[in-house]
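Engineer: Mind looking over this structure? Questions follow.
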Amino acid sequence: MSKGTPSMGKCHKRTHVRCRRCGRLSYNFNRKTCVACGFGRSKRLRSYKWMRKAGY
């Protein structure tokens with residue numbers, strides 16, 4: 001393995017694609033889970049109390 005510029009070429013792939021449930025570009029293709037709504041991880045929508053307070 002080499003460090004620096006040659007290894008930066010491996011970072012060009014898309015990590016997140018469009019989610020089937022929420023439609024946002026936050027579905028991790030490798031982990032098969034959505035960061036925004038929790039699709040693939042749980043049946044329920046991902047929501048927390050601090051989200052209401054923060055305006056999400």
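Glycine is treated like the rest: Cβ placed from N, Cα and C.
Since we're looking at a predicted model, the values are computed, not measured.
Grabbed the feature section from Swiss-Prot, which reads as follows:
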type	residues	note
BINDING	Cys19, Cys22, Cys34, Cys37	Zn(2+) binding site
ZN_FING	19-37	zinc finger
Engineer: With Cβ-Cβ distance below 8 Å and at least 6 positions apart along the chain, what are the contacts of Cys19 (Zn(2+) binding site)? List them in sequence order.
Structural biologist: Leu25, Ser26, Tyr27, Cys34, Ala36, Cys37, Phe39
Engineer: Could you put numbers on the helix, strand and coil content of the zinc finger (19-37), residue by residue per DSSP?
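Structural biologist: Across the zinc finger (19-37), DSSP assigns the residues as follows: 0 helix, 4 strand, 15 coil.
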Engineer: Could you check the binding-site residues Cys22, Cys34 and say which one's CB has the fewest neighbouring CB atoms inside 10 Å?
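Structural biologist: Across Cys22, Cys34, these binding-site residues, the one with fewest Cβ atoms within 10 Å is Cys22.
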Engineer: Limited to the zinc finger (19-37), I'd like the whole-number average of pLDDT.
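Structural biologist: Computed over the zinc finger (19-37), the mean pLDDT is 96 on the 0 to 100 scale.
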Engineer: Cβ within 8 angstroms of the Cβ centroid of Cys19, Cys22, Cys34, Cys37: which residues besides those meet this for the Zn(2+) site?
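Structural biologist: The surrounding set, listed in chain order, is Arg20, Arg21, Gly23, Arg24, Ser26, Tyr27, Val35, Ala36, Gly38, Phe39, Arg46.
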Engineer: Take the Cβ of Cys37 (Zn(2+) binding site) and count every other Cβ within 10 Å, whichever protein chain it belongs to.
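Structural biologist: Counting Cβ neighbours of Cys37 (Zn(2+) binding site) within 10 Å gives 21.
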